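Report on one structure; see the data block that follows.
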Amino acid sequence: MDHLPIFCQLRDRDCLIVGGGDVAERKARLLLEAGARLTVNALTFIPQFTVWANEGMLTLVEGPFDETLLDSCWLAIAATDDDTVNQRVSEAAESRRIFCNVVDAPKAASFIMPSIIDRSPLMVAVSSGGTSPVLARLLREKLESLLPQHLGQVARYAGQLRARVKKQFATMGERRRFWEKFFVNDRLAQSLANADEKAVNATTEHLFSEPLDHRGEVVLVGAGPGDAGLLTLKGLQQIQQADIVVYDRLVSDDIMNLVRRDADRVFVGKRAGYHCVPQEEINQILLREAQKGKRVVRLKGGDPFIFGRGGEELETLCHAGIPFSVVPGITAASGCSAYSGIPLTHRDYAQSVRLVTGHLKTGGELDWENLAAEKQTLVFYMGLNQAATIQDKLIAFGMQADMPVALVENGTSVKQRVVHGVLTQLGELAQQVESPALIIVGRVVGLRDKLNWFSNH
């Protein structure tokens, strides 16, 4: 971290801007909004500065830079079009241990100005450390679209309720649960935006009187196939609100880096034929932590209801009366095929797609006759160890030996690797691939050479 982000209290504190042009005006607006007692020193001033001075909002000092103006200052900004003057301002401020921003010269400055999203009292600052202001601006614009304009009113109202919340709810867990309900209450937010005091009071009293659930809850979240960008917004919200996250081997490090920092993490790594923690024990972990009143997120690769054993875990919770919900994820079949340039359906080649487990319960058997039918795509999950059997069975039940196949290893990640061939090579190809991997069988695989976009990036 090259810079420490801080928020300065400048109300009624002396600040200096050196410069009287458009850039200086933009900086002055920010300092005035923050309540600073502002002095502006320049040879000439654009008209806006004169307007502000006539309204008593700031003091103008016309003439060359006078470093004695820094003597009482808390903060300074050099915003002239003369690099020599800006350097003098920076050095004079440095000798007085005053933080100084030098416009367009981050290396000469002791602090930089971020892009700001103002939802006072909520403030969001975005900075690229001075290396790419345009990138910081683009990120700010994206965040602006995500944060409702009335969010500041909600935050300000929350501040008025803090003492009451502290008095009514004894533990930190209870207070956090109250605030989580408070901030996601759309009726309250709309009432505040409409200045409907009666509705605000009614909603507030309802929130305080509504009993907090001490049983805890479990949220089953699909993390997607690997690329953190494929995690859903709702999935992101859940992992950032969790008390504890129970996750498996298929959840990428990039996604785990998005988990709330003070949340507990329990690794229960699983892969075909090997369980770091047996499924029954995982079920009991979820149950035990929820019974402690915690918000538990069970984070699974792909989609939890597609070969993720999510249904089994929820049955345990249902039997115990533990509240639960499910956030779907992009399943591996969809993600891996898209990132490999293989459409799962196509008018000319496949009118249906089948998602098939290659890891069966003891004694299990697939409907090979229907799986070998034409005009469909097969996607085998956990099929590496059974690749030779899949090859032999499909051929035995009539699938053409030259049917295209692809194996996608570490799909959607920067480590993605795809090997492809024909059905008679499937068992051999599987020896070249490591888990996690997906097997795709069908004529659509032949489109990969034309549609493969990801490996070209």
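Cβ coordinates are placed from backbone N, Cα and C, and glycine is handled just like the others.
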Item to check | P225, G301, G302, D303, I306, T331, A332, M382 bind S-adenosyl-L-methionine per Swiss-Prot; candidate in G235, G321, G398, G411 listed for that same site | outcome: G411
Checklist entry - Cβ within 8 Å of the S-adenosyl-L-methionine site's Cβ centroid: which residues qualify beyond P225, G301, G302, D303, I306, T331, A332, M382, G411? => result G224, L250, F307, G308, G329, I330, A333, G335, C336, Y381, L438
Checklist entry - Among the recorded positions listed here (D22, V23, L43, S128, D248), which has the Cα closest to the Cα of I306 (S-adenosyl-L-methionine binding site)? => result D248
Item to check | Integer Cα-Cα distance in angstrom, A332 (S-adenosyl-L-methionine binding site) to V23 (NAD(+) binding site) | outcome: 50
Next on the checklist: Cβ within 8 angstroms of the Cβ centroid of D22, V23, L43, T44: which residues besides those meet this for the NAD(+) site?
Outcome noted: G19, G20, G21, A24, A42, F45, I46, A79, T80, D81
Checklist entry - Which residues does P225 (S-adenosyl-L-methionine binding site) neighbour through Cβ under 8 Å, counting only same-chain ones at least six apart? => result G301, G302, I330, T331, A332, S334, G335, C336, Y339, G411, T412
Checklist entry - Counting other CB atoms within 10 A of each CB, which of the recorded positions D22, D248 comes out lowest? => result D22
